[in-house]
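Participant: I am attaching a structure below and will ask some questions about it afterwards.
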Amino acid sequence: MSKVKKVVLAYSGGLDTSAIIPWLKETYDDCEIIAFCADVGQGAEELVGLEEKALASGASECHIVDLKEEFVKDYIYPTMASGAVYEGTYLLGTAMARPIIAKAQVEVALKVGADALCHGCTGKGNDQIRFESCFAALAPELQVIAPWREWEMESREDLLDYLAERNIETTASATKIYSRDANAWHISHEGGELENPWNAPSKGVWTLTVDPEDAPDKPEYLTIKVENARVVAVDGVELSPYDALMLLNEKAAAHGVGRVDITENRTVGMKSRGCYETPGGTVMVAALRGIDELVHDKPARKWRDQVGQEFTHLVYDGRWFTPLCGSLLAASEALAKDVNGEVVVKMYKGQVTAEQKRSPNSLYSEEFATFGDDNVYNQKHAEGFIRLYSLSSRIRTLNSKK
């Protein structure tokens, strides 16, 4: 333990990381603590006074790194282009943020000459795996410290007592029962009443979106332009990836879009329940799927679904910095180049639907698909196809009658 001289801590200013700073100094022979905070769009209010708080807790420096644009452009957009959705519902909001945070933390550690990295993830969750897998891929020479797997404290009350004994102020309290994680893409809510799956989430759980029952009685429509499976404009206004997401977050949240309540399978083996709010992301996914339906044939969509599922588990399980990630992204981008066009989405009472869609790469032909008269499709041709398509079934039945 005495060998650790300088540690870079992934710091949020919350209860856990506020307690970790003095614990590190006490446990590792008064080592130097560098606090690192990644701005991934969790909200400006979360960053106010953060540096002062870190220094007051015992850190010698606090590095706040703006990663918002990079996060959306290089992590969220490629993941959504792949069609990744965990267990049919979860849009990977927490999981997608971990690799960029870990990468930036490693960069700070190498810059300041640290010999260890530290995170505040619990020993029960997925995040410890995600962070440490990234650390192993990017800087295996650095020691990793995970206080929740080392110290004897077991509850929020223990942490509050620990800080009180050292006269370190915190805004946390035993009554703040939910564990939340926010970024530009989403906010997650866990703990408290949600730990019993028979309990419906109370109104106090949700913080980002309007209750669908209280949403406007009139729907709102947006025209979304997509290029290479990326949203590039909304209602004719070209926007950066981050600005597009922020606008869609605002619009969709007002209509209660993007709420999910799921019980998921964690990488560590247990099930956990989470309530997630992903308003803008839910609209983006609806728009991308609308274009995807037009431009990809059956084999391409089947392949995209396979790639998406593989990429889903790669992101969820913390394997971003691996050769497999590069391979899956390459496959995804090969299909994404055709996902171009415009979609009109309708947002109403918690729902979003793609009402209108068009693409220069569309494989849909009204001439062929019409139920009316046409001069391009000879329906008699279907007979020979069906005989060949069903040949194995025909042979199987004939053989059974011999």
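Here the Cβ of each residue, glycine as well, is placed from N, Cα and C on the backbone.
Pulled the feature table from Swiss-Prot, pasting it below:
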BINDING   Ala10, Tyr11, Ser12, Gly13, Gly14, Leu15, Asp16, Thr17, Ser18, Ala38, Gly120  ATP binding site
BINDING   Tyr90, Asn126, Arg130, Ser179, Ser188, Glu264, Tyr276  L-citrulline binding site
BINDING   Thr122, Asn126, Asp127  L-aspartate binding site
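Relative to the rest of the structure, where do these features sit?
Facilitator: Gly120 (ATP binding site) carries neither a helix nor a strand DSSP state and counts as coil. In this view, Gly120 (ATP binding site) is surrounded by 21 other Cβ atoms within 10 Å of its Cβ, with every protein chain counted.
Cβ neighbour count for Asn126 (L-citrulline binding site): 20 (other Cβ atoms within 10 Å of its Cβ, all protein chains included). A coil conformation is recorded for Asn126 (L-citrulline binding site) in the three-state DSSP classification, outside any helix or strand.
The Cβ neighbour count for Thr122 (L-aspartate binding site), using a 10 Å radius over every protein chain in view, is 16.
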Participant: Within a 10 Å radius around the Cβ, which one of these binding-site residues has the most neighbouring Cβ atoms: Asp16, Glu264?
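Facilitator: Selected residue: Asp16.
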Participant: In whole Å, note down how far the CA of Ser18 (ATP binding site) lies from the CA of Asp127 (L-aspartate binding site).
Facilitator: 18
Participant: The record names Ala10, Tyr11, Ser12, Gly13, Gly14, Leu15, Asp16, Thr17, Ser18, Ala38, Gly120 as the residues that bind ATP; what is their largest Cα to Cα distance in Å?
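Facilitator: It comes out at 17 Å between the most distant Cα atoms.
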Participant: Using Cβ atoms only, which residues of the same chain lie under 8 Å from Ser179 (L-citrulline binding site) while being at least 6 residues apart in sequence?
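Facilitator: Set apart from Ser179 (L-citrulline binding site) by at least 6 residues yet with Cβ under 8 Å, we have His189, Glu190, Gly191.
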